[in-house]
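If you look up Swiss-Prot, you'll see 2-217 marked as domain 'Glutamine amidotransferase type-1', on the strength of sequence analysis. Annotation comment: Swiss-Prot describes CYS86 as active site, nucleophile, evidence class sequence analysis. Marked as active site by Swiss-Prot on the basis of sequence analysis: HIS194, GLU196.
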Amino acid sequence: MSIGVVVFPGSNCDRDVRWAAQGCLNIPTRFLWHETRDLNGLDAVVLPGGFSYGDYLRCGAIARFAPVLESLVEFVARGGRVLGICNGFQVLTELGLLPGALTRNRSLHFICEDALLTVESNRTPWLMGHQRKDSLTLPIAHGEGRYQCSDETLCQLQDDDAIALRYVNNPNGSVADIAGITNKTGNVLGLMPHPERACDPVIGGVDGRGLLQSLLG
C-alpha cells in the first residue's frame, strides 16, 4: 500500500497529508511534484489543500493543466483511488472528474472552524469504515467552498448515491448541504473539510482517520 500526494506550487497541506498517512497510520507516502507523470506503484493519490498556482484565475483552474493530472485521469480510469481535499476538490471539479463547482462562500468571508458532518453514503471505498448517518467533526478552512451544481446534476448525484458527506449546519451555503461527493464509480472522493487535520488526539480529534485507514482494508 502506497499513497502519492500531489504538490503544486502553492500547495500548503501536502505535508499535513503525509504526516497523517505516514506519521499516524504508517502508510508509505511519497510526494508527487506537479510536473511528474509517474504514478507507478501507487494505490491512491491525494490532491491536498492550499492555493495551487496561487488560484489567481479561479480555484484549481490552472492546476487542471498540470502534467501529473494527465496521468491522474488515466489512473482513475483504471480504478485508482483519488482523494481531493479542499483545493484538491476544486481541482477535481475543474478537471471534470467530479461534477459541479466550488464558489465563494455565501458569507463572502473565509471560514476556519470545525464542521459537524453526516455520512450520507458509504458506497465509496474511502468511507467503507463508516456507517450511513455517522457523525464526524472535521476542520474546514476555505473562502470558496460553496458547492453548486444544476438541478439535473443534483438529481444525478442523488440517483448515483454519490453525495458522500453533508454539513449539519451548512457554513458556506452549499446546495443540499453538500460537503463531499464521489464520482459514479466511487473511486474518486472530493470534500472541502480536512480529514488530515483530525488524525491525532493531541491536536483535537481523530474523526479524519477513517478515510485514510480505509486504504488498509
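Cβ atoms here come from the backbone N, Cα and C positions, even for glycine.
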- Task: Within 10 Å of each Cβ, count the other Cβ atoms, then let me know which of the active-site residues CYS86, GLU196 comes out lowest.
- Result: CYS86
- Query: Within 10 Å of the Cβ of HIS194 (active site), how many other Cβ atoms are there?
  - Reply: 23
- Query: What's the CA to CA span in angstrom from GLU196 (active site) over to CYS86 (active site, nucleophile)?
  - Reply: 11
- So, in DSSP terms, is CYS86 (active site, nucleophile) helix, strand, or coil? coil
- At the Cα level, what's the spacing in Å between CYS86 (active site, nucleophile) and HIS194 (active site), rounded? 7
